[in-house]
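Here the structure comes first, spelled out in structure tokens, and everything after it is commentary.
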């Protein structure tokens, strides 16, 4: 069923609530730099996530844990300068909010003040209740993240689907309601059964964005490099590739190398 899209000059937290209420699906993608954010924003993506996945995608780390708060602010600042329409949400990185709520607030304030972003995202449920509450009371919009939470990968030990068992599924539902009641404007659900994700989306009034969580939620998020086929070694079931840029870019660069070696580049029209 198609739903009429409302045009937004700048997407806000309020805009996302309106989209959920009207049945319009929310599009969300990552971006970590000015050039990519410019493209993503011009394509009318509703939300740009400056994700701690930059640790994997940009820096080549195995997990999201190594990226620092300073690095997240650097990436977020670059994205903010590019995006004119999308709501910009920034992950608070591991180690910057888990120890106590005061540290969490300081980290959130730094992100908002130094990058110019519009909201922050944190992973976890009742375990971080105090931190979420303190950030929200400071007037900073917060998005939650439940299910597979990559910052806790060493606790899980694997990137497999979460909340398949009843006990974990019930806790996830309770955490989602808690985040809503605290005042979060949205929740990301990662790699959980589609049926459970749909139940959660229908049980809360705030937007639920899925990644590997089926089509019954209020929107979808992907890592833009995965969508574009730039990370060819990453092939989860939930990923749909819209291009194969890894091969296309490699081919273009190989052509450049050949043209340089053969002295074909630059030609007469490409010099002064």
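Cβ atoms here come from the backbone N, Cα and C positions, even for glycine.
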According to TrEMBL, 91, 123 bind Mg(2+), and the residue from 52, 70, 100 that belongs to that same site is 52
Beyond the site residues 52, 53, 91, 121: chain residues whose C-beta lies within 8 Å of the centroid, for 3-methyl-2-oxobutanoate: 49, 50, 51, 54, 64, 72, 90, 92, 93, 150
Can you tell me the CA-to-CA distance separating residue 91 (3-methyl-2-oxobutanoate binding site) and residue 190 (active site, proton acceptor), as a whole number of Å? 14
Lowest 10 Å Cβ neighbour count of the binding-site residues 91, 123 is held by 123
Here the Cα-Cα span from residue 52 (3-methyl-2-oxobutanoate binding site) to residue 190 (active site, proton acceptor), rounded to a whole number of angstrom, reaches 14
3-methyl-2-oxobutanoate binding residues 52, 53, 91, 121: largest Cα-Cα distance, in Å and rounded to whole number: 13
